Structures are given as structure tokens and as C-alpha cells.
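Peer 1: First the structure, then my questions, so here it is.
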Amino acid sequence: MNNTQPQTQPQTQPHTQPRAQSKTDNRFLQLLDRQQALLADGATGTNLFDMGLTAGDAPELWNLSQPEKIIALHQSFADAGADIILTNSFGANASRLKLHSAEDQVYDINKAAATIARQVADNSGRTLAVGGSIGPTGEMLFPLGTLTEDEAAAMFAAQAQGLADGGVDVIWIETMSALEEVIAAVKGAKTVGLPIVTTMSFDTHGHTMMGISPAAFSDFKHQTLGEDVTAIGCNCGVGAEESLAALAKVAPDIIKVVKANCGVPQFKNGEICYTGTVESMAEYAKTAAQSGIRVIGGCCGTTPAHLRAMRAALDAVNAARS
């Protein structure tokens with residue numbers, strides 16, 4: 001844990017007024033209203049490793065140094081049929097960027113991430129929503145750690161501002177383990193007035209690293225998050241089967257999101273491998289849609305090839321319902 005408090009606000013961060021969340025002017029809400037099952041994109045990190053990212057490097061810095069590679073990744077997902085693409089900004093908060101001496105570039109990195117994804121979406125010739133990816137700070141919140149809720153919320157707000165100004169349609173809080181950090185992330189995200197999606201990462205025992213169950217997350221949505229959050233769900237963690245089992249414990253009235261890993265990760269020849277096939281990911285997408293999950297994508301290991309198979313599966317499910 002990093003006990004040194006990072007700078008939480010970029011010094012030159014512009015401020016804009018919160019945006020409205022009406023269906024008439026928000027692509028994400030429009031898509032939810034039009035289609036029963038939406039396709040989110042695939043993996044960011046593992047695909048960028050295949051494009052030359054080195055272990056230990058911050059992929060978010062590529063938004064400034066190698067934007068053409070980020071454009072290519074987003075384009076590959078758009079070409080595969082994604083309805084939603086997530087920005088390359090998962091770790092672009094002050095705490096994580098401090099590890100790369102880039103904590104003063106929070107706004108610029110997040111705005112660049114959003115601008116790149118927005119460009120690809122706008123050039124797609126169809127309604128393609130952009131989700132502004134926000135991951136954990138990497139620190140423990142008080143009382144387990146020294147980071148306070150307000151300090152964490154300020155980090156998330158700075159990130160959300162850059163994403164909003166770059167043109168995202170929804171703030172996409174993902175891979176959370178603790179409800180305390182979810183509260184801080186939502187508090188920060190609310191400052192820009194966009195719809196919010198929040199997902200947690202569950203392990204093979206059906207709990208997050210901090211012991212939160214899907215049922216507890218569901219109750220938390222009803223009792224605490226309320227209408228501040230449009231949808232909740234799970235991502236990463238384990239494979240598709242375990243992710244779907246976790247979401248089966250979430251209340252049926254909640255809009256659910258899943259971005260499962262492409263198979264259960266395995267360690268082979270010194271590398272982490274994902275063993276999911278295009279057939280298994282297509283079956284996962286079909287099963288998820290038939291169970292009522294509204295947004296379905298892939299996390300680690302999910303390539304454009306997997307996503308194309310998932311697109312075909314969702315098209316078949318949507319067609320059968322119409």
C-alpha cells in the first residue's frame with residue numbers, strides 16, 4: 001500500500017457543469033432503451049500487451065504517446081460489432097499514475113482517452129456508446145488504510161472530469177472490491193452528471209477480495225446507490241460460468257452488466273493464458289442474454305475474434321425476441 005498521499009487534483013483542470021442524463025441525448029441510455037442485449041467491448045490490457053506494451057508500464061500513458069495503437073484497438077472492437085467501447089483509462093487516477101510520475105497528467109490522460117474512443121465511435125456510422133473506464137485507486141480506504149473517502153472521491157472526480165470533457169456517454173466504474181471505494185467512486189463520478197455503471201470483481205468463491213458477495217452488492221444498489229447508478233454487475237475475476245453464477249444472485253429488477261474473462265486464467269510457460277474459445281464466448285453471450293443480462297462483454301483475454309462470435313450470438317437472441 002502506498003501511504004504517501006498523492007496529489008488528487010490536476011492544477012489546470014477545467015470545470016464544466018454536470019450533464020443531463022436524458023435518453024434523448026445520451027447514446028448509452030438510447031441503446032439500453034432500444035435493444036434488450038448490448039455488446040460491450042473486449043480486453044484492453046491483454047490486447048495492448050500483444051501490441052507491444054511491456055509489463056509494468058502504464059497502458060494509459062499510450063493515450064498521449066501512442067494514440068494510434070489505442071485507436072486501432074478501439075477500431076477492432078467497433079469492427080467486431082461492439083455497442084459500447086471503454087476508454088483506455090482504467091488506472092488513470094492520481095494514485096496509480098504517481099507510480100509513473102504522471103499524477104499531474106490525470107486530466108490530460110483521461111480526456112485524451114475519451115477523445116480517442118469518441119473519434120472511433122463517431123466514425124462508426126452507427127450509435128456506438130463510449131464508457132469512461134475508472135478502476136480502483138490501488139489503495140486501502142480508511143480505516144483499513146490512510147486514504148479517506150473524500151480524498152478518493154476527489155481522485156475519481158478528477159478522472160471523471162477529463163473523461164466527460166473528452167466525450168464519454170457513461171462513467172464505467174469497474175473491478176471494485178470494496179463497497180467503501182464504490183461509494184467514493186460514485187461520489188466522484190456524480191460530479192459530471194452522466195449515467196454510471198459500477199461492476200465488482202468476484203472470485204471462484206463468489207466474493208470480492210474484500211469479502212463482498214453479489215447479493216450484498218445487489219442490496220447495496222437498492223439501499224445506498226439507488227438511482228445514482230444505472231446498472232451494476234461484475235467483470236474480470238474468473239471465467240464466464242462463475243460470472244454468470246454471481247449475477248444470478250443480483251435482484252431481477254436491476255439492470256445487469258457482465259464482462260467476464262475469456263476463460264479461467266491459467267499460468268503456462270511463465271505467462272498467464274486465457275483458454276476461452278470463440279465458441280465458448282459465444283455460448284456465454286447467449287446464456288447471459290437469455291438470463292436477462294442487458295450488457296455483455298469480455299474482460300482479460302477477449303480479442304476481436306471472440307467479440308465477433310459474441311455479436312453473432314447476441315444478434316440471434318435479439319432477433320428471436322423481436
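Using N, Cα and C of the backbone, Cβ positions are placed for all residues, glycine too.
As annotated by TrEMBL, Zn(2+) binding site applies to Cys236, Cys299, Cys300. Marked as compositional bias 'Low complexity' by TrEMBL: 1-18. Annotated domain 'Hcy-binding' per TrEMBL: 26-314, in sequence order. The region 'Disordered' annotation in TrEMBL covers 1-22.
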Peer 1: List the residues in the vicinity of the Zn(2+) site, defined as same-chain residues other than Cys236, Cys299, Cys300 with C-beta within 8 angstroms of the site's C-beta centre.
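Peer 2: For the Zn(2+) site the neighbour list reads Ala43, Thr175, Ser201, Asn235, Gly237, Lys259, Ala260, Asn261, Gly298, Gly301, Thr302.
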Peer 1: Using a 10 Å cut-off on Cβ-Cβ distances across all protein chains shown, tell me which of the binding-site residues (Cys236, Cys299, Cys300) has the largest neighbour count.
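Peer 2: Answer returned by the neighbour count: Cys299.
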Peer 1: Which secondary structure state does DSSP assign to Cys236 (Zn(2+) binding site), in the simple three-class scheme?
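Peer 2: Going by the DSSP assignment, Cys236 (Zn(2+) binding site) belongs to neither helix nor strand, so it counts as coil.
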Peer 1: Provide the three-state secondary structure of Cys300 (Zn(2+) binding site) computed with DSSP.
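Peer 2: Cys300 (Zn(2+) binding site) sits in coil per DSSP, no helix or strand.
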